[in-house]
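Encoded as structure tokens, the structure appears first; notes follow it.
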């Protein structure tokens with residue numbers, strides 16, 4: 001049971017984080033201990049995030065929206081670049097595990113390949129970046145853009161899930177992490193250009209939303225396959241029941257919300273089309 005005093009004390013070990021990220025050989029066990037020590041911090045961060053965005057939104061009611069063109073452009077470019085670099089690092093390992101060692105192995109028996117070395121460094125960076133991605137929402141409320149439930153729910157739950165399940169070191173997580181990094185690269189690049197008033201054809205935004213939905217459908221398939229292997233066939237697997245259950249909840253909730261968003265935006269809902277904002 002977490003004590004009240006512990007919840008009131010914010011603990012964030014910056015020096016250890018820097019040491020983990022800059023050491024010559026990435027140590028995922030050390031990184032896992034850091035993540036495990038900061039699970040409570042994610043709850044504190046989510047609480048402060050939600051209180052802050054709604055407080056700022058309330059305060060902005062009587063103010064003109066901030067322009068913020070260049071800060072938003074720099075931010076979108078930075079996330080696109082980070083995601084692209086990490087996806088590039090992870091691509092060889094992902095292809096080798098899925099297409100050479102086999103889909104079953106990519107889910108159950110290739111933990112070391114995912115979490116060690118440069119691949120592990122990229123995974124850790126991507127999961128850690130869920131915290132600074134809260135800045136997305138800050139820009140939305142400061143610019144007085146509509147704040148959708150799917151946006152802040154997705155940001156809040158993903159941070160907690162990413163940090164609290166990292167120490168499970170589940171090989172199956174490679175699928176969601178790699179695919180999401182690829183989608184983030186394209187999506188934030190799109191936002192970078194639109195922020196600078198360079199607008200790609202309208203179908204690009206639609207394709208990005210479709211890609212997000214396809215991502216969750218693919219993970220849904222992977223979860224079915226994973227569940228059959230571990231629960232029905234009793235195949236030895238480097239995972240645990242808690243991680244599997246949380247993955248099911250996250251994927252199904254995101255799949256429902258993104259399909260609902262797509263339906264409202266592209267299937268005739270005028271209101272939704274007017275309030276469409278980035279949500280991943």
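Each residue, glycine too, has its Cβ placed from N, Cα and C.
Ranges compared are 95-112, 149-166, and TrEMBL records transmembrane segment for 149-166. Which of 4-23, 244-263 counts as transmembrane segment depends on TrEMBL, and there it is 244-263. Within the same chain, residues 31-32, 35-36, 38-39, 41-43, 45-46, 49-50, 53, 124, 127-128, 130-131, 133-134, 136-137, 140, 173, 242-243, 246, 250, 253-254, 257-258, 260-261, 277-280 sit at least 6 positions outside the transmembrane segment (149-166) and bring their C-beta atoms closer than 8 Å to a C-beta of that stretch. The recorded stretches the transmembrane segment (121-142) and the transmembrane segment (39-60) share 3+ CB pairs below 8 A when only pairs 6 or more apart in sequence are counted, and are therefore in contact. Counted over residue pairs 6 or more apart, the CB atoms of the transmembrane segment (72-91) and the transmembrane segment (39-60) come under 8 Å in fewer than three pairs, which marks the two as apart.
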